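In what follows, a structure is listed as structure tokens, so that the remarks can point back to it.
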Amino acid sequence: MSNVISVSGVTKRFGRTRALDGLDLEVRAGEVHGFLGPNGAGKSTAIRVLLGLLRADSGTVRLLGGDPWKDAVELHRRLAYVPGDVTLWPNLSGGEVIDLLGRLRGGLDRDRKRELIERFDLDPRKKGRAYSKGNRQKVALVAALASDAELLLLDEPTSGLDPLMEAVFTDCVAEARERGRTVLLSSHILAEVEKLCDRVSIIRDGRTVETGTLAELRHLTRTSITAELAGPPDGLADLPGVHGLRADGGRVTFEVDDDRLGDALARLAARGVRSLTSRPPTLEELFLRHYRDGDARTANGSTRTAGGDARPVDGDARTASGDAR
Amino acid sequence: MTGTGSLVRLILRRDRLVLPLWVLLLAVLPITQTAGIAELYPTERGLREFAASFGANPALVAMYGPFTHWNAAALGVWRAGFTPVLLGLACLLTVVRHTRVEEETGRRELLGSTVLGRQAGLSAALAVAASANLAVALVVLASFAGPGYPVAGALATGLGYAATGMVFAAVGAVAAQLTESAGGARAIGLSALGVAYLVRMAGDSTGASWLSWLSPFGWSQRMRPFAGEVWWPLALSLAAVALLSLAAYALAGRRDLAAGVLPPRLGPADAVPGFGSPLALAWRLHRGPLLGWSAGFAVFGAVVGAAAKAAADTMAGNARLMEMMARLGGSANVADVFVASVMSIFGMGAAGYAVQAALRMRGEETLMRAEPLLAAPVGRARWMAGHLVFALLGPAVVMLVLGVAVGIAYGASTGDVAGRLPGVAGAAVSQLPAVWSLAGLAVALFGLLPRLTALAWAALALFLLLGQVGALLDLPPAALDLSPFSHLPKLPGGEVAATPLLVLTAIAAALVATGLYGFRRRDVG
């Protein structure tokens, strides 16, 4: 399968801040690709690089076989975009904005527009200033989904939507996939990601920390173990790959890296196991770990000597204020 | 009213730069004029002659109000006659900015959920406006009393300014209650300000001087600072402030947060067929200001045109004045000189419109409204072109409207429309190269230094200052030549010189091209 989006080693600085710091991203044709990461990780910056609104400082970016900076106009005929925070012109009605964006992309299917407006329960006659956040989001969604674009770039598209409308959105994206569209979906809503995404990429501090199918990601991680032992769990805490050990009498709970699972089980067996439960991590645990443990990962995994002085600005600020005190 | 104090502090924090700036700039205008005149005409005879020539000029009377006394302070205050208009404008915009804008953006809702009285926002905005006006009055008082001018006159000037400022702050408070959009509120307030100015202008330049008593600008002028002060017109201003404020409070008490008294209108569910290009969108965004400026220029142009013949008749008897004006305006025909000097003032106005229209691009970019278009198959240059049409051709339309309005009104008063119109319209259009070079500067800044686009306004302010007080302050010609307006031929009446017009147009074109080049190569947002 060919890649619709292929990003490698992209960096983007804003003054002293490194918004993107060696980002890699591969989105295959026909898939719904989840794009996850904590606030400020660089998701929106990455999408704006893909749109050719920002120019990458280094690295390569290919989108639909072209260079998004140089071939922006040609590429934009084939994609539709929903920003995370939609702002509308205060004196234009929602219907007018949908028509404007549709016509700029080369025409718009009136029946499809009407159908989407109905499904999203949107009043297209209201002026831009009169819409709530959720309704502004709907205007951008209808404009994007009514287009016949082969690639949809959606930046937290459901922020501000009620659960009913989220369900409508989920259906629409599923339909788009059935029609062979490719979707890059940046989102914080795990249920949405789990339901829609074929593969996900998780980014932190401007770089990709994990990418793959959800099954692969789960597999690559830790397993939670709860066991009742005959004796005290001596030595278990020192075992490599064991995290968060808590012992309460003979009962222990911990997490273990999957490649160390065998060693841990052998150690448990030596202590006399009375009962044992193990379960894969929930999606929440998976994401929380990637969102939180990024620092350790980056520090360990990095061989860049320049890494130290290229820390994000907030790190610098903290150091600076610490010195001041 | 609970929480008004906290909101006042919030407003002062947000406006800590802009508020002191306009308070100080406006408050020192009359003493600057006075000092300049006093230095230029140190003798009583000189002052009397200056007063006799300028005070008899109906165009200046129309613009600044009736002339009162030949002493330097009275002359200076008279020459600074546009200050109350600018002060009223600043107060109006400040009040709308801290009432309706806050509601429209939803920030007031966030604050309103805390311990905050329903009327606290309005009270805070009016309190800040009142403090600013008081500060203006104090600075005016100190600036005149310091060098030893009579205190009574200084007080009358300062209080007159403050009273006018407060009237328009209260007008802003009422306007902010009427519409849901801040733009609508500003339009209502600005219309009120324009009408008040026009009414005073009509009253002072025609025989119907009672008209001036209907305008807040007339009230403060009739306090006659430095010319036998009259205090009671102050009561008229205070009464107007009280009535308007009461109306604003009554309206605010009846409506919901973020709602207006006038109901919002629904738009169409589908766009009209042609609405599908950056140019079509630009038309929707720019047509309001374009129509507003055109209407304003048409009305002011007609008033000025109608006054031109009267000005010529009055001045015709004054040989000395004729000679001076001929030097100044490059023509012996007084009416031509009068029209030419008015054209350059309107040219500055059109430049303001041009900068505003050009910087609309920056506004669209920072409000993230450029993004959806640039994420569609619209190139950067094509997106810019839509706005450039209005930044460059908009001023052309506005100046042409002005030229036609002045030409018809002037022609009608002399009974020779066909003879006057082409020359006057041509004079208006000849301002455009200078106007375009300012628009070009704004475009170049947008392309290369988007964070510094405000420099275009600074340049316009500098050129305005050079044009108004440059000659008075005896600045070297090189400094005066900084302004593109100083290179324009003095039309009608003067020699038509093509070279400066072509050079200025070429500079403007180069600046616009620079802006296009820069924007195509930089990050958006």
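Each residue, glycine too, has its Cβ placed from N, Cα and C.
Look at TrEMBL and you will find B:77-99, B:120-145, B:151-175, B:187-210, B:230-252, B:290-312, B:332-359, B:388-412, B:424-448, B:455-476, B:496-519 tagged as transmembrane segment.
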Proximity of the transmembrane segment (B:187-210) to the transmembrane segment (B:290-312), 3+ C-beta pairs under 8 angstroms: yes
Intrachain residues whose Cβ lies under 8 Å of the transmembrane segment (B:290-312), provided they are six or more past its termini: 57-59, 62, 187, 194, 198, 201-202, 205, 333-335, 338-339, 342, 346, 349-350, 353, 357, 390, 394, 397-399, 401-414, 424
Positions on the same chain near the transmembrane segment (B:496-519), where near means CB under 8 A and six or more residues out: 380-381, 384, 388, 392, 430, 433-434, 436-437, 439-441, 443-448, 484, 487-489
Tertiary contacts of the transmembrane segment (B:332-359), as residues 6+ beyond its ends and Cβ separation under 8 Å: 57, 59, 286, 289-290, 293, 297, 300-301, 304-305, 308-309, 311-312, 315-316, 322, 325-326, 387-388, 390-392, 394-395, 398-399, 402, 406, 410, 414, 424, 427-428, 430-432, 434-436, 438-439, 441-443, 446, 453, 456-457, 460, 463-464, 467, 485, 488, 490-494
